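A.B. asks: Marked as (2R,3E)-phycocyanobilin 1 binding site by Swiss-Prot: 82. If you look up Swiss-Prot, you'll see 153 marked as (2R,3E)-phycocyanobilin 2 binding site. Annotation comment: Swiss-Prot describes 72 as N4-methylasparagine.
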């Protein structure tokens with residue numbers, strides 16, 4: 001965002017002009033959008049533990065075989081690894097959301113994740129379901145406008161959903 005500000009100022013300075021109302025309006029819109037992004041990410045970060053825990057509970061309620069003896073989340077160590085992985089995906093989704101770009105999610109989280117899960121014998125379809133459950137919880141939080149500036153956030157909510165969809169597809 002600072003690059004955009006610097007660019008507009010440099011252009012005006014090169015022309016020896018003050019910033020125009022149009023330029024100021026565009027920068028103001030960019031700040032407003034940035035504030036909405038921050039609100040969405042703050043809601044996710046503030047509720048990350050609940051998002052992960054509740055999503056895992058819902059997954060295990062639907063797929064109890066995962067937590068039964070022989071299941072991929074059976075034993076405390078495996079359960080902790082499952083929750084850790086869910087938290088990592090959620091964290092990188094929040095990074096992508098604040099950046100407005102999926103490259104950090106792709107490069108640092110998703111690339112090679114399917115292969116890793118296959119090598120470990122982790123069912124990708126179950127991971128995908130867990131990611132979708134985190135999406136549902138995160139989108140619900142993003143849609144809750146309590147205590148946040150008013151305005152249309154539908155594009156940001158759709159963008160947020162797309163990052164979760166990207167993660168869910170990458171593991172199956």
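Even glycines carry a Cβ here, placed using N, Cα and C.
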A.B. asks: If one measures from the C-alpha of residue 153 ((2R,3E)-phycocyanobilin 2 binding site) to the C-alpha of the residue listed as 'N4-methylasparagine', what distance in angstrom results, rounded to a whole number?
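C.D. replies: Their Cα atoms are separated by 38 Å.
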A.B. asks: For residue 82 ((2R,3E)-phycocyanobilin 1 binding site), what is the secondary structure by DSSP, using just helix, strand and coil?
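C.D. replies: For residue 82 ((2R,3E)-phycocyanobilin 1 binding site) - judged by DSSP and reduced to three states - the answer is helix.
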A.B. asks: For residue 72 (N4-methylasparagine) and residue 82 ((2R,3E)-phycocyanobilin 1 binding site), what Cα-Cα distance in Å is obtained after rounding to a whole number?
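C.D. replies: If we compare the Cα positions of residue 72 (N4-methylasparagine) and residue 82 ((2R,3E)-phycocyanobilin 1 binding site), the gap is 9 Å.
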A.B. asks: Can you give me the same-chain residues 6 or more apart in sequence from residue 82 ((2R,3E)-phycocyanobilin 1 binding site) with a CB-CB distance under 8 Å?
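C.D. replies: The list for residue 82 ((2R,3E)-phycocyanobilin 1 binding site) reads 56, 72, 73, 130, given in order along the sequence.
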A.B. asks: Near the Cβ of the residue listed as 'N4-methylasparagine', how many other Cβ atoms are there if near means within 10 Å?
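C.D. replies: That number is 20.
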A.B. asks: Around the residue listed as '(2R,3E)-phycocyanobilin 2 binding site', how many other C-beta atoms are within 10 angstroms of its C-beta?
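C.D. replies: Its Cβ shell of radius 10 Å holds 20 other Cβ atoms.
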